[in-house]
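Student: What Swiss-Prot shows for this protein is this:
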BINDING   ASN12, ALA13, THR14, GLY15, ARG16, GLN17, HIS37, ASN80, LYS131, TYR153, ASN154, ASN155, ASN156  NADP(+) binding site
BINDING   ARG16, GLN17, ASN80, THR81, THR82, LYS131, TYR153, ASN154, ASN155, ASN156  NAD(+) binding site
REGION    287-312  region 'Disordered'
COMPBIAS  295-311  compositional bias 'Gly residues'
Amino acid sequence: MAQQKKTIAVVNATGRQAASLIRVAAAVGHHVRAQVHSLKGLIAEELQAIPNVTLFQGPLLNNVPLMDTLFEGAHLAFINTTSQAGDEIAIGKDLADAAKRAGTIQHYIYSSMPDHSLYGPWPAVPMWAPKFTVENYVRQLGLPSTFVYAGIYNNNFTSLPYPLFQMELMPDGTFEWHAPFDPDIPLPWLDAEHDVGPALLQIFKDGPQKWNGHRIALTFETLSPVQVCAAFSRALNRRVTYVQVPKVEIKVNIPVGYREQLEAIEVVFGEHKAPYFPLPEFSRPAAGSPKGLGPANGKGAGAGMMQGPGGVISQRVTDEARKLWSGWRDMEEYAREVFPIEEEANGLDWML
């Protein structure tokens with residue numbers, strides 16, 4: 001029997017996570033009701049042309065009527081809010097209330113992030129901690145819910161002068177990445193456009209009977225900065241070097257909130273070398289652990305389990321995502337197949 005097609009409510013539809021889900025969900029016949037802040041721009045125009053997708057334009061802050069409309073007749077919801085839209089805690093709580101009020105939502109997936117201050121002697125990362133507050137609110141409401149934690153987007157890399165993930169093109173044709181991350185500590189990575197949608201669709205297919213209340217790390221690969229640069233070097237056939245720096249260099253105007261985010265990253269990951277995901281269920285052995293339990297390194301890496309703080313049995317951080325979606329794209333493939341195309345679209349010509 002064919003699976004019943006359902007209606008999915010989505011916010012921030014032009015964002016990488018939401019757009020990835022919309023593309024694959026609509027392609028297999030689901031209907032999507034999606035909020036956008038503007039109908040202008042390449043992604044918004046793309047979404048308008050996709051069958052089975054209905055867009056609702058408007059802000060989320062203090063806009064309960066739009067939220068009620070968005071959830072009308074929806075069976076499923078994927079919610080990824082951003083600080084740029086306004087008070088993220090207020091928006092997140094209002095969305096959860098609206099979903100609960102609709103009475104039709106069978107599974108609510110919320111894109112969360114950790115509050116580091118709750119798990120160790122570290123400050124909170126300001127653009128992440130509000131998401132964790134909203135996660136706890138959703139849990140209290142009793143919505144059938146799952147919480148996904150996205151790794152660092154591969155797609156963040158650019159040779160444009162944006163902070164933290166600039167692959168700077170040097171005069172000799174090589175690239176350098178300057179960031180505060182420890183060069184040898186693995187970080188979680190995700191090709192958001194390619195892999196978020198299929199993974200979320202599988203979570204919805206499995207349903208809350210499998211995933212209710214569960215946290216899932218949406219990361220398919222853990223690589224240290226040195227390993228990332230090695231993957232780029234192999235893909236581009238150019239030397240790519242990582243340089244650890246204590247401070248993120250700011251070359252363009254950025255909002256105050258993002259500047260504060262970068263300052264927290266310098267402290268949490270640069271000075272303190274804190275884990276990216278400090279939650280016990282995402283604990284994983286550090287580099288140098290016994291074979292099979294160390295950081296993932298490429299698609300053939302083995303997997304292991306360990307007991308983390310509080311007795312929580314922790315899967316290797318990539319395991320659940322890889323089981324949800326086996327067609328994931330690794331960093332080397334991204335750097336070879338996608339990075340040059342994105343660069344050319346941004347008006348750059350180093351690859352020609």
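Quick reminder: no glycine exception, Cβ is built from N, Cα and C everywhere.
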Student: When you put ASN155 (NAD(+) binding site) at the centre and draw a 10 Å sphere around its Cα, which of the binding-site residues ASN12, THR14, LYS131 have their Cα inside it?
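Tutor: Passing the 10 Å Cα cut: none.
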Student: Specify the count of other C-beta atoms within 10 Å of the C-beta of ARG16 (NADP(+) binding site).
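Tutor: Excluding its own Cβ, the number within 10 Å is 20.
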Student: Compute the C-alpha separation of TYR153 (NAD(+) binding site) from ARG16 (NADP(+) binding site), stating it in Å without decimals.
Tutor: 9
Student: Applying a 10 Å Cβ distance cut-off over all chains shown, what neighbour count does THR82 (NAD(+) binding site) have?
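Tutor: Step by step: centre on the Cβ of THR82 (NAD(+) binding site), count other Cβ atoms within 10 Å, giving 16.
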Student: Taking every protein chain in this structure into account, which of the binding-site residues HIS37, LYS131 has the most other Cβ atoms within 10 Å of its Cβ?
Tutor: LYS131
Student: Highest CB neighbour count within 10 A among the binding-site residues THR14, ASN80, ASN154, ASN155, ASN156?
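Tutor: Of the binding-site residues THR14, ASN80, ASN154, ASN155, ASN156, the most buried by Cβ count within 10 Å is ASN154.
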Student: Which of ASN12, TYR153 (the binding-site residues) has the most other Cβ atoms within 10 Å?
Tutor: ASN12
Student: Give the helix, strand or coil assignment DSSP yields for ASN156 (NADP(+) binding site).
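Tutor: Looking at the DSSP assignment, ASN156 (NADP(+) binding site) belongs to a helix.
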